[in-house]
Amino acid sequence: MSILVDEDTRVVVQGITGGEGKFHTEQMIEYGTNIVAGTSPGKGGQEVAGVPVYDTVEEAVDEEDADASVVFVPPAFAADAIFEALDTDLDLVVAITEGIPTQDMAKVNKRLKEVDTRLQGPNCPGIITPGEAKLGILPGNIFSEGNVGLVSRSGTLTYQVVDSLTERGIGQTTAIGIGGDPIIGTSFIDALEEFEQDEETDVIAMCGEIGGEDEEEAAAYIAENMDTPVVGFIAGRTAPPGKRMGHAGAIVSGSGTGTAESKIDALNDAGVPVGDTPEEVADHVEDLL
Amino acid sequence: MLLTHPLGNLRHESQMRLHEYQAKDVFADAGIPTPPSALATTVDEVVEQAEEIGYPVAVKAQVHVGGRGKAGGIKLAEDATEAREAAEDILGMDLKGYTVDKVLVEGAVDFVNELYVGVTMDRGEGKPVAMVSTQGGVNIEEVAEENPDAIAREHIDPAFGMHPYQARKVVYDAGVPAEVARDVASILTTLYDLWEDTDASDAEINPLMITGDDEVIAADAVLNIDEDALFRHPDLAEMEDEAAGDDLEAKANEYGFDYVRLDGNVGIIGNGAGLVMTTLDLVDYYGGKPANFLDIGGGAKAERVANALDMVFSDENVDAVVFNIFGGITRGDEVAKGINEALEQFDEIPKEVVVRLAGTNAEEGREILNDELVTVEETLEGAVQRAVEYAEDAE
């Protein structure tokens with residue numbers, strides 16, 4: 001079982017004719033993902049890796065009945081591509097692109113509240129349901145089917161934890177990289193909520209990092225709403241306190257949150273064991289299964 | 001340019017910081033009142049400019065550090081002798097690691113009140129926020145921590161921009177004196193528009209001075225631009241100060257790495273901010289001290305890998321290096337090629353290098369790696385422990 005994507009998910013790749021788009025389309029197809037269309041303005045009618053290319057997302061959705069998209073469009077045009085996807089009735093849009101201007105994402109964030117589509121990312125590795133489908137750039141071979149859900153702000157850290165789990169014979173339901181940008185579509189809480197409703201997910205591993213307050217908010221959510229046990233990890237315990245330099249971003253919320261200590265304390269208070277190392281995360285998961 | 005987040009966030013969140021004199025130009029062009037000022041790089045120039053502007057003047061170091069005043073980087077001068085003294089003190093001084101090579105000479109403002117006015121992105125809300133406080137002129141971050149209610153805040157819909165009523169509301173909420181409320185609201189509106197137009201991450205005036213004649217003047221100016229948006233602002237990109245920071249940071253800039261120098265002796269290179277931070281944490285966990293944070297990013301080719309090694313070798317504090325790659329989009333064989341290329345240039349490898357490759361093409365990478373030049377470890381824990389040992393032995 002899985003959340004958000006499975007073998008029936010019909011995927012359109014936005015930016016399919018670009019280098020990254022083409023390469024990862026091939027990788028996704030090889031993994032078994034049901035890629036039904038690609039888009040690239042002005043390249044409608046072509047084919048990439050046997051997949052029909054359309055000029056617009058709307059056309060791709062109408063013609064191929066797609067219900068999810070994955071965005072490989074370069075940063076300067078990525079927000080526009082996300083807006084385009086949000087104007088169709090896709091269930092899920094996964095934005096891989098790194099380096100989208102923050103003000104663009106604030107506008108996307110506003111639009112997101114007006115539609116039913118879920119956005120994941122940007123600047124994320126994607127989502128994978130082992131053995132069924134992957135949308136994004138995750139290395140499929142390290143994942144295995146099982147009953148642990150994963151959600152992480154960091155791509156490579158996700159791989160590290162998954163590797164430790166798979167090594168011990170512990171498989172995964174779905175792994176979601178939510179991305180580390182200041183403004184993202186799917187939050188920890190959104191992902192936890194989905195996992196809580198998934199009967200096949202028995203334990204959830206949640207990998208956070210310093211900065212922002214998402215982990216603190218997730219901890220409060222877990223304490224109040226979740227029965228599925230969660231194991232935590234926070235990267236950046238040794239990060240030095242930065243140079244304070246008249247930075248308005250620092251005064252928005254006063255202070256006291258955002259540090260590794262604050263996040264670990266919040267998770268512990270919510271009954272979530274936090275591993276000191278990725279191996280310890282796997283230990284905790286093993287104990288809870 | 002790389003900016004360390006105040007919370008020590010090492011993840012990609014880069015901004016290009018303008019100097020005060022550059023930000024003031026942008027603010028003045030937009031119609032925000034600023035004092036008369038001029039840039040100077042020599043003592044004689046400072047005196048010349050001060051004479052022209054008229055005393056008293058402030059001589060202000062133009063470097064990217066906070067708390068310039070407290071650190072002796074800002075001095076007031078009542079006459080030519082004092083201006084000369086201030087210039088001699090400040091030009092060439094070391095301000096928190098930065099050498100001052102230019103100063104702003106500025107007409108001093110005789111004020112009765114100091115405000116704080118700022119616009120930034122509230123990442124928690126995913127919306128811009130405008131802020132005003134009557135406790136300006138001091139360390140506003142301390143105010144935010146100790147008395148957050150002293151800062152009035154108003155969230156802005158990014159699709160509509162700031163409505164005039166919102167500017168008025170936040171100004172009234174902050175308790176700005178009625179005599180200047182309209183002018184401050186107008187400056188805030190201008191500041192918001194400018195923040196939006198320049199793709200800024202922060203636009204701040206601290207202090208915004210109120211004079212005895214109820215004039216309102218921006219005595220400082222902060223403008224940090226979202227580096228990801230610089231492609232839309234070639235004029236601003238030109239203002240980037242490549243010389244800022246120490247040599248290693250300048251080198252990191254040139255190579256385009258997310259790099260932070262730390263005070264330990266275990267050099268760390270990895271891909272992806274979360275994994276690199278975890279590697280730092282593990283070095284600490286096993287009793288070592290990280291020398292740096294270096295993220296080569298996604299999909300790095302051999303040359304970039306070689307550049308990363310060059311970076312870390314350039315730090316004389318480094319005694320051993322751990323290379324931690326978990327390939328997704330990054331390929332292990334490309335990384336291995338880069339490591340070999342970098343190390344084969346040396347007759348003698350300057351520091352021990354421990355390599356851990358996992359993920360995409362990791363096996364191919366391990367086969368290619370020249371293990372006479374590096375120590376190959378299978379696990380992350382093993383690699384970190386080995387590097388810590390090497391660093392201890394080398395001390």
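Note: Cβ is positioned from N, Cα and C throughout, glycine not excepted.
Just so you know, TrEMBL annotations are computer predictions that nobody has curated.
Per TrEMBL, domain 'CoA-binding' is recorded for A:4-100. The CoA binding site annotation in TrEMBL covers A:THR17, A:GLY18, A:GLY19, A:GLU20, A:LYS43, A:ILE96, A:THR97, A:GLU98. Among the features that TrEMBL reports, substrate binding site is placed at A:TYR159. The annotation active site, tele-phosphohistidine intermediate is assigned in TrEMBL to A:HIS247.
Long-range Cβ contacts of A:ILE96 (CoA binding site) within its own chain (separation 6+, distance under 8 Å): A:GLU20, A:HIS24, A:VAL70, A:VAL71, A:PHE72, A:GLY121, A:PRO122, A:ASN123, A:CYS124, A:PRO125, A:GLY126, A:GLY136, A:ILE137. Working note on the binding-site residues A:THR17, A:THR97: by count of other C-beta atoms within 10 Å of each C-beta, A:THR97 ranks first.
In this structure, the C-alpha atom of A:THR17 (CoA binding site) lies 27 angstrom from that of A:TYR159 (substrate binding site). Here the Cβ of A:GLY19 (CoA binding site) has 10 other Cβ atoms within 10 Å, regardless of which shown protein chain they belong to. When DSSP labels each residue, the domain 'CoA-binding' (A:4-100) comes out as 33 helix, 23 strand, 41 coil, counted as helix, strand and coil in that order. Proximity to chain B (Cβ-Cβ under 8 A) holds for A:GLU98, A:TYR159 out of the binding-site residues A:GLY18, A:GLY19, A:ILE96, A:THR97, A:GLU98, A:TYR159. Taken together, the residues in the domain 'CoA-binding' (A:4-100) have a mean pLDDT of 96 on the 0 to 100 scale. Taking the C-alpha positions, the distance from A:GLY19 (CoA binding site) to A:TYR159 (substrate binding site) comes to 23 Å.
Secondary structure at the residue listed as 'substrate binding site', as computed by DSSP, is helix.
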